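Asker: First the structure, which I've put down as structure tokens, then a few questions once you've had a look.
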Amino acid sequence: MQISEAIQYDSDSYDVIVVGAGHAGCEAALAAARMGNKTLLVTISLEMVAFMPCNPSLGGPAKGVVVREIDALGGEMGHNIDKTYIQMRMLNTSKGPAVRALRAQADKHAYHRQMKWTLEKQANLTLRQATVDDLIVEDGVCHGVITNTGARYRAKTVVLTVGTAARGKIIIGELQYESGPNNSKSATKLSECLERLGFDLERFKTGTPPRINGNTINYDETEEQPGDETPHHFSFDTPDSKYLSVSDQISCWLTYTNPHTHDIIRQNLDRAPMFSGVIKGVGPRYCPSIEDKIVRFADKDRHQLFLEPEGRDTDEYYVDGLSTSMPEEIQQRMLHSVKGLEKASLMRPGYAIEYDVVSPYQLRPTLETKRIKNLYTAGQTNGTSGYEEAAGQGLIAGINAGLRALGKKPFVLQRSEAYIGVMIDDLVTKGTKEPYRLLTSRAEYRLLLRHDNADFRLMGKGHEIGLVSDERYQKMLAKKAAVKAEVARLESLRLKPGSPADDFIQQHGDHPLKDAVTAATLLKRPYFDYQTLLKFIPAPEKPLDRQVAEQVEITLKYEGYIKKEEVRVNRLKRMEAKKIPEDIDYSAIEGLATEGRQKLDKIRPETLAQASRISGVNPADLAILSVYIQQGKIAKRSDRK
Amino acid sequence: MNSEDDTITAISTPVGEGGISIIRVSGDEAIPIVKKLFVGKDLAKVASHTINYGHIVDPKTHEEVDEVMVSVMRAPKTYTREDVCEINCHGGLLATNRILQLTIAAGARMAEPGEFTKRAFLNGRLDLSQAEAVMDLIRAKTDKSMKVALGQLDGDLSRLIRKLRQEILNVLAQVEVNIDYPEYDGAETMTSKMMHDHAVTIQKKIEKLLATAREGKILRDGLATAIIGRPNVGKSSLLNSLLHEDKAIVTNVAGTTRDVIEEYVNVKGVPLKLIDTAGIRHTEDKVEKIGVERSKKAIEQADLILLLIDSSQKLTDEDRELIKQTSASPRIIIYNKADLPAQVDVKELQSLVGDSRIIKTSMTEHQGVDQLSQAIAKLFFNEGVESSQNTVMVTNARHIGLLRQADSALDDVLKGLADGMPVDLVQIDMRRAWDLLGQITGDSYQDELLDQLFSQFCLGK
């Protein structure tokens, strides 16, 4: 016990308590409260609610799909960014539908304020500033939290989303100090509590670049990157009419480092904490610091820098690509060596931050810890990086904490259902050696996990959980029906040889039609899209929504590939259905290889499919395991007789 | 990943024994897979538990492989309680293996030892008392077979496969970096044209490797060879002559059948497995014993037939019958006793044997044996085996099956590109090729891709 007994007092009881109000915590608390649980959200600082201490940006490849998934399940991130973005861009438009990605630049202060306000207005939800120092744990079950002010809050379930505050340490050159993100308070005692409870903690590192004053940028020397004209939003509910015109959006600017910048860094590597041994935490490969880039890719003579505005009512700019923990003096010299930034005025130096992570093999796919019942963790605490990854986990942890409090069955997304499912399965099955970021290549079924079909994939589930209203659900079903009807119509409409469509085909150098073909078949040809097709066939009774037309086009154009993926998914589903008994004793199964046995016992997979993804578990182990399970089932059946 | 839901295939009769071999295919896809290879009745429509006559045809080359009977048994009343197809074929080693490979190329996976029995158990067909036996079976065989399978991989082959995989990986990483880091300027954009060129190059290498498959198979298992002819045509002399010609007899293996002795002889680098040499020795002197029945069996098992004709006598009905019986097999006609005055109607003989090569020999004068050896080598290796001894060969049916699947995945890549599909979709098939090759070398981890991504490109957005 760390808090003096004398000041402790019994405060209120809740169904669900969420510790930390970053992107994970906000989703967790909102989900639990919206499901009807009396919920407490505790944060070290109310000024840090849904704060973006790194990029003022959301979405992009894989991450953008997660935002859509959160929205479809009834989470808040999509709504919040749609209300506070200052630029919207669809990336990968020249590529296939599976990899198109929406990204927004956020007004980071508006984003924070909007989320805080949403929390304040939410029924069943109490938002309170306090530091959680200890957990109330009895017989391996978590019953609540104790704050630094001595308040004992009891709850049915607790979700920890501590983020980089967990024993956080900021490093700038030779300077080191205890701190959470952006000089907020760090949380030390909670880490100690987790260690006492027997959790295996690891040390990770991440970092951010310096911020500069936009009035001191010479924009003439940089390249403008404006937003899109075509409307796109993250949330299913935001109408196109709300879209900001390009002139109301704020541009980003592109510039580059140069050999001179690299020389400055090289000459001062002895002062770089990354290389001097000061930083011990493991950093992410996909988001390296500039000093790391220059050492590892010595032959590159320039690196891109994106200057990103941090909001509407500020001139502070984020220098994306220049993440660093070099001393402040060197940071200034680096900045001034860059074209357009010769006179840039530094507002905040970049820094590296080290923090504690709960090694995620200690978690179930519901994000409940295996060690302590009714305790859940989410976000950076589980070893991920990124606001979207955090929010996705927060939502799942919040849903499951809420379901447990309500006495209902848990909720798990499969790899074939959502990027969120891919991420959580990766974390709990394979663990992670560096801050984990979602990439499209991590998803083996990415053609099925598109941002444009997140509503079809997940809104039904959100509705079942109680996070999606009947009205919203019906709207989705109506959209689905409209897609189905138009697909059926195109499959029945036939175009004959000699028709204008045939002329169009020949203009594109294709062979003339021999027999009549359906409109659906024509849509598969590369030079046809839905709008082109409409020139040759009767228009539908009423014009289709943009989103419906898009679905029709994707469904038909990529049908062959989609079917192929669905076959693979069905096979996976059958293996996911093969559950491993929770109390299985791996030491009692003869014939397992030693490595396989150890890994199985450490991860304790819930299904045979999950077991098959553990590295070190070989096919022979799986075969023996499946026979062993079947044996147990038969034995049970004959017991009952 | 080996899954319990895969459709599996294996030769379920002892190899090299008996006149008939059975290839058993079990799983959801069993009937569709065999259907792809079968010319005859539509197997999808035939009644369950029927046996159907037809031919196995290579769907890629349209070449007929064997005349077969296919049993179709639908779940649940089957050994595994899954859909099962059994292909009964003529049993020659080459034909049986070829059919096995075709089932793998069509989508089945090579069964692990004991896997049919394991499935029977998992699907509730065997009872608990049998479970232990199943476990023992898996324990004893799976680890061993995995080791054997990986051990079989000779260094050159695995180096070659790893190189191929690395080539594919470079393509994959470039596509992925374009997708995940669309604004990153350090990676060239992978265009359809580039993807096409890479796919073609890689496919050529795979096909070159596959072309060695048949040779490799022969080198490993020997070419089942039958010496056929009516009594007193000189079979025994030919046998002795071949054995004499090459002192390096590989081995004498006692077969399981009482009197079958297999003798191996190396002819210009082609290991011949001579069938029923004992039979030849026993019957040759006894004029009354007719070899036809015995020959029939030997013909069924053989991959190569050496048919002897006594040129010093007129063709008999027996000769004509043997010529007819062997017409479907690779064969060489040996025009023996060429030292004696010819009595055979050469024109008739030529019209009867068609395209088959005729070699004139005299066993007593020791003539023509060298030409015969060359003809054998030429028949099986286009340029003789010596010239290809330094190249990497694929000999394992599982490896061949996987290579063929990888080959067809690359076909899909090219087809997708031709249909104007975007590179990131075509990537699905490219990645499948990579995974399949990885199953040969035993490394198929997604982490490799991420490692490649982050070591090749300096990513930071």
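Just so it is clear, glycine is given a Cβ too, placed from its N, Cα and C backbone atoms.
Remember, TrEMBL labels are computer predictions, not curated facts.
What TrEMBL shows for this protein is this:
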BINDING   B:Arg24, B:Glu86, B:Arg125, B:Lys461  (6S)-5-formyl-5,6,7,8-tetrahydrofolate binding site
BINDING   B:Asn232, B:Thr251, B:Val253, B:Thr256  K(+) binding site
BINDING   B:232-237, B:251-257, B:276-279, B:336-339  GTP binding site
BINDING   B:Ser236, B:Thr257  Mg(2+) binding site
DOMAIN    B:222-381  domain 'TrmE-type G'
Asker: Looking only at Cβ atoms, how many others are within 10 Å of the one on B:Asn232 (K(+) binding site)?
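Answerer: B:Asn232 (K(+) binding site): 15 neighbouring Cβ atoms within 10 Å.
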Asker: When DSSP is mapped onto helix/strand/coil, what comes out for B:Lys235 (GTP binding site)?
Answerer: helix
Asker: Given the binding-site residues B:Arg24, B:Glu86, B:Arg125, B:Asn232, B:Ser236, state which is nearest to B:Lys337 (GTP binding site) when distance is taken between Cα atoms.
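Answerer: For B:Lys337 (GTP binding site), the closest Cα among B:Arg24, B:Glu86, B:Arg125, B:Asn232, B:Ser236 is found at B:Asn232.
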Asker: Fewest other C-beta atoms within 10 angstroms of its own C-beta: which of the binding-site residues B:Arg24, B:Lys235, B:Lys337 fits that?
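Answerer: Comparing Cβ neighbours within 10 Å for the binding-site residues B:Arg24, B:Lys235, B:Lys337, B:Arg24 has the fewest.
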Asker: Between the Cα atoms of B:Asn232 (K(+) binding site) and B:Arg24 ((6S)-5-formyl-5,6,7,8-tetrahydrofolate binding site), what distance do you get, rounded to the nearest Å?
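Answerer: The separation of the Cα atoms works out to 41 Å.
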Asker: What whole-number Å value do you get for the CA-CA distance of B:Arg125 ((6S)-5-formyl-5,6,7,8-tetrahydrofolate binding site) and B:Lys235 (GTP binding site)?
Answerer: 51
Asker: What does the structure give for the C-alpha distance between B:Glu86 ((6S)-5-formyl-5,6,7,8-tetrahydrofolate binding site) and B:Lys235 (GTP binding site)? Integer Å is fine.
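Answerer: Given the Cα positions, B:Glu86 ((6S)-5-formyl-5,6,7,8-tetrahydrofolate binding site) is 37 Å from B:Lys235 (GTP binding site).
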Asker: Would you count the other CB atoms within 10 A of the CB of B:Ser236 (Mg(2+) binding site), including those on all shown protein chains?
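Answerer: A 10 Å sphere around the Cβ of B:Ser236 (Mg(2+) binding site) contains 18 other Cβ atoms.
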Asker: Out of B:Glu86, B:Arg125, which of the binding-site residues is least crowded by other Cβ atoms within 10 Å?
Answerer: B:Arg125
Asker: Along the domain 'TrmE-type G' (B:222-381), what average pLDDT does this model show?
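Answerer: Its mean pLDDT is 72.
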Asker: Which secondary structure state does DSSP assign to B:Arg125 ((6S)-5-formyl-5,6,7,8-tetrahydrofolate binding site), in the simple three-class scheme?
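Answerer: Its secondary structure by DSSP: coil.
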Asker: Quick one: what's DSSP say for B:Glu86 ((6S)-5-formyl-5,6,7,8-tetrahydrofolate binding site), helix, strand or coil?
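Answerer: B:Glu86 ((6S)-5-formyl-5,6,7,8-tetrahydrofolate binding site) sits in a strand per DSSP.
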